[in-house]
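S.K.: For reference, the structure I am asking about is given below.
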Amino acid sequence: MAGLGGSQIPDGEFTAVVYRLIRDARYAEAVQLLGGELQRSPRSRAGLSLLGYCYYRLQEFALAAECYEQLGQLHPELEQYRLYQAQALYKACLYPEATRVSLLLLDNPAYHNRVLRLQAAIKYSEADLPGARSLVEQLLSEGGEDSGGENELDGQVNLGCLLYKEGHYEAACSKFSAALQASGYRPDLSYNLALAYYSSRHYALALKHIADIIEHGIRQHPELGVGMTTVGIDVRSVGNTVVLHQTALVEAFNLRAAIEYQLRNYEAAQEALTDMPPRAEEELDPVTLHNQALMNMDARPTEGFEKLQFLLQQIPFPPETFGNLLLLYCEYEYFDLAADVLAENAHLTYEFLTPYLYDFLDAMVTCQTAPEEAFIKLDGLAGMLTEQLRKLTIQVQEARHNKDDEAVKKAVNEYEDTLEKYIPVLMAQAKIYWNLENYPMVEKLFRKSVEFCNDHHVWKLNVAHVLFMQENKYKEAIGFYEPIVKKHYDNILNVSAIVLANLCVSYIMISQNEEAEELMRKIGKEEEQLSYDDPDKKIYHLCIVNLVIGTLYCAKGNYDFGISRVIKSLEPCNKKLGTDTWYYAKRCFLSLLENMSKHTIMLRDSVIQECVQFLEHCELYGRDIPAVIEETLEEERMHIGKNTVTYESRELKALIYEIIGWNM
């Protein structure tokens, strides 16, 4: 049937062919045939009706609404077309138009309840929760012949949705759970319940219902290809079919990704996104596109920004999009872009940014041009949040004293939410002093916040870093670095390489060389095992540890040992040379060359020869390795031939020859 045109269909077979295409869910082909037929008979009721149905199934709701509008004009006595038009307009997010059309049917008893349900859905989508609740309660109280067990169930589900939107997650869970028990398994209800559990932080229960949705989806619809992309099988798009929508698989995988992301299981979050049924990028729904942008930001930031910017032009877009785009601009220090987006979308700030988030972003944007003013703004936010934290601490204590478990849980959740707001404010303040290399003031800030943050992983890590940077507090730094490393000791490569390097340096600086060597042996063993399991994978942890140690000795003026350590850390070059490792290595070489040019140090010929040989190896293996990772959204790109390790290693070698007076 592929490519079948209207002219190829035998006389009298047209209707049968169209119905077969619809039966087989080949709606796009049916649309082509019906479009051709309607050019010949533009007033055909059957043609317009089938075309509207096909457009609706293809989720082309605006086009479906046009078909039903024409039918309503051609056959005003058939009011069902107005209802279909209103439903299609609602699905197209054209809420005022949908409301206007639905009001024309309100006085018709045959459609009264269906119109009320549609109007409740419209008000819910417009965030008019009181209006939606009034209509839902009216439906539940009215009853009538159109009412019954199913409508009662729908009413309870609708109340659950309203409770969820109002932030009453536990009450919403009760409604959805009761509805699920009454109806038996339904993917949409299971998803609603999982979402309510997620929002009330019952992640295990949410994951249980997500697993149910996925299990049912795989068993009932193996053709949807769940998990195929993750295991590397090349599969074609399953499209945005009604079946896919009915399974709630896309929603379930997105929610699983959100939970794993919240729990900082980032690999599992990415897996959840690739496990969902495969679709082409242009077929992706806004939530999936948003989540892809966020979860692949570290690996593909340019693509992530493009996706979020694209979503911002769509109506509607996930409500988190606006805030997340602005926060990411600030994280990547594109403060000008953040300021532009805020200025160009002032109408969105009131709808999508909380007062806290707006004030925080305003302070972050100010950091670039007026750090002192930004610090004052951040300090105001910090003061407000610490006051809230103290009040919530008292509430938790009182609830525990009264043995009120529900009140304890509510207060603890509020405390954790407030702390997650406070940490970024504190870190933004600290960064202002950090950029000025005023490390004692950073430490002072962290000490002031110890009563709230002493158990927070971000706070502990940054305290360790600021103690390390002061060069006379290595022992205190060890006290913060060690618990981080010991927590992941069995999977030590899950710890950031710079944390391991700083801990080793701290050991060395207080003469605990045995501890440093033991840690390095542990890293080496894990790298060997990983290299055995995956020979092509580049692993840089031990390399970076040695580079940092080598850098330390160079900084202390012991270039003979320091440079040799740097060179050995990058052996073999074909496995250890990368943008990050080259960054550390070239800093040591530049420092060495500067001191040699000033005649403040003398190197043995054997060390110079070792340096030249090392740079030649870098030249050989660095052709495809960027010397610098360019700014994600930088308009002026570096020359492609100059931004390589090969080019920079040649420059360093030429400088060595020039300084020591060798002929090249």
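The backbone N, Cα and C atoms fix where each Cβ goes, and this holds for glycine too.
Copied straight from Swiss-Prot:
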- 11-44: repeat 'TPR 1' (REPEAT)
- 45-78: repeat 'TPR 2' (REPEAT)
- 153-186: repeat 'TPR 3' (REPEAT)
- 188-220: repeat 'TPR 4' (REPEAT)
- 385-418: repeat 'TPR 5' (REPEAT)
- 423-456: repeat 'TPR 6' (REPEAT)
- 458-491: repeat 'TPR 7' (REPEAT)
- 509-532: coiled coil (COILED)
- 543-576: repeat 'TPR 8' (REPEAT)
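Set these features in their place in the structure for me.
M.R.: When pLDDT is averaged over the repeat 'TPR 2' (45-78), the result is 93.
Same-chain residues lying 6 or more positions outside the repeat 'TPR 3' (153-186) and placing a CB less than 8 Å from one of its CB atoms are 117, 120, 124, 127, 129, 132-133, 136, 139-140, 192-193, 195-197, 199-200, 202, 212, 216.
Sequence-distant contacts of the repeat 'TPR 5' (385-418) (same chain, six or more residues past either end, CB-CB distance under 8 Å): 201, 425, 449, 452.
The list of residues near the repeat 'TPR 6' (423-456) in space but at least 6 beyond its ends in sequence, with Cβ under 8 angstroms from a Cβ of it, reads 360, 363-364, 367, 371, 374-375, 378-379, 381-382, 385-386, 389, 462-463, 466-467, 469-470.
Mapped onto DSSP helix, strand and coil, the repeat 'TPR 8' (543-576) counts 28 helix, 0 strand, 6 coil.
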S.K.: Could you tell me what the rest of the chain brings near the repeat 'TPR 8' (543-576), counting residues at least six beyond its ends with Cβ under 8 Å?
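M.R.: For the repeat 'TPR 8' (543-576), the sequence-distant neighbours (Cβ-Cβ under 8 Å, at least 6 residues beyond its ends) are 497-498, 500-502, 504-505, 508-509, 520, 523, 584-585, 587-589, 591-592, 595, 601, 603-604, 607, 610-611, 614, 617-618, 620-622.
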